[in-house]
């Protein structure tokens with residue numbers, strides 16, 4: 001107890017040093033305060049055991065609250081993401097489970113009515129004891145027992161061949177109906193149920209923000225590792241940069257094209273891709289520039305990309321219309337300037353002041 005208390009205390013101190021004021025006022029501050037209470041209760045328990053101050057049973061009861069601490073691990077640590085996914089999927093499938101159970105019970109009830117009537121007719125017609133008689137009275141003696149028998153025959157609690165062997169002697173119609181029942185339940189309904197649960201689990205995983213964030217982070221780290229391996233393979237001279245020649249030579253390899261294809265990158269136009277990745281325009285690619293550029297061009301265009309492109313085109317069109325309008329106004333002013341005739345004096349000769357007037361009009 002002392003060891004774990006000291007370990008929790010050291011962890012708490014490190015978190016306070018790292019987060020500072022955000023430990024008390026940031027996101028998840030209630031969990032942080034609860035950890036402080038747990039650590040304080042642990043030290044109080046140690047002192048109380050040594051000094052016999054109070055009954056430590058009350059303090060030990062606080063240990064049960066430490067289980068709440070594990071719930072934070074489900075959100076903060078990626079190693080518990082699978083467990084979190086299963087718990088969320090289980091909770092999300094409860095509503096579907098009720099409808100599935102209702103469907104299975106209804107299907108079994110339809111077959112149970114036929115089997116129960118056949119068993120009752122057989123027992124009335126042949127009241128003497130026997131193996132078939134005992135099987136009918138035990139497994140098909142009442143509606144609840146008939147439903148239980150049909151359920152066990154598909155869930156493994158009872159071999160359906162034991163029932164089939166009896167029906168072959170009693171009623172060929174019921175034997176064929178039992179085969180139809182087993183086929184429907186195992187090959188159709190149970191597979192449908194499995195598909196429903198799997199689909200619900202996928203929807204839960206896609207809608208949960210924390211699981212989606214962890215999955216995206218894991219995928220990005222994996223893609224970054226693959227891109228770094230591709231970069232190292234392209235960098236034949238080990239200079240830390242890639243030239244256009246090295247880039248084109250590497251793309252001639254089938255394994256490099258396959259790696260780019262798995263990442264969703266179309267590198268059929270080597271020169272065009274290189275120019276897009278070369279953001280600073282120095283005709284070389286560094287590892288960060290290569291990785292970030294490949295992540296930027298990966299995949300198809302999204303609705304946000306199309307909207308951004310549409311907005312940019314509208315802005316350029318607006319600027320072009322304004323420039324066209326200004327150009328037309330300047331052209332019209334220039335035409336008016338050159339089409340205006342100069343005033344000549346009546347004597348036919350220009351004096352000094354007449355030249356000034358003509359210059360001003362020009």
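Using the three backbone atoms N, Cα and C, a Cβ is placed for every residue, glycine included.
Nobody curates TrEMBL annotations by hand; they come from automatic prediction.
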In TrEMBL, which of 85-116, 213-244 is tagged transmembrane segment?
85-116
Listed range which TrEMBL flags as transmembrane segment, given the options 136-161, 266-291:
136-161
Test of understanding: applying the rule of at least three C-beta pairs under 8 Å (pairs 6 or more apart in sequence), is the transmembrane segment (173-198) touching the transmembrane segment (136-161)?
yes
When the domain 'EF-hand' (222-257) is classified with DSSP, how many of its residues are helical, how many are strand and how many are coil?
25 helix, 3 strand, 8 coil
Could you tell me the mean pLDDT over the coiled coil (306-333), as a whole number?
86
Who are the chain neighbours of the domain 'EF-hand' (265-300) in space, where the CB to CB distance is under 8 Å and they lie at least 6 residues beyond its ends?
220, 223-224, 227-228, 231, 240-244, 247-248, 251, 257
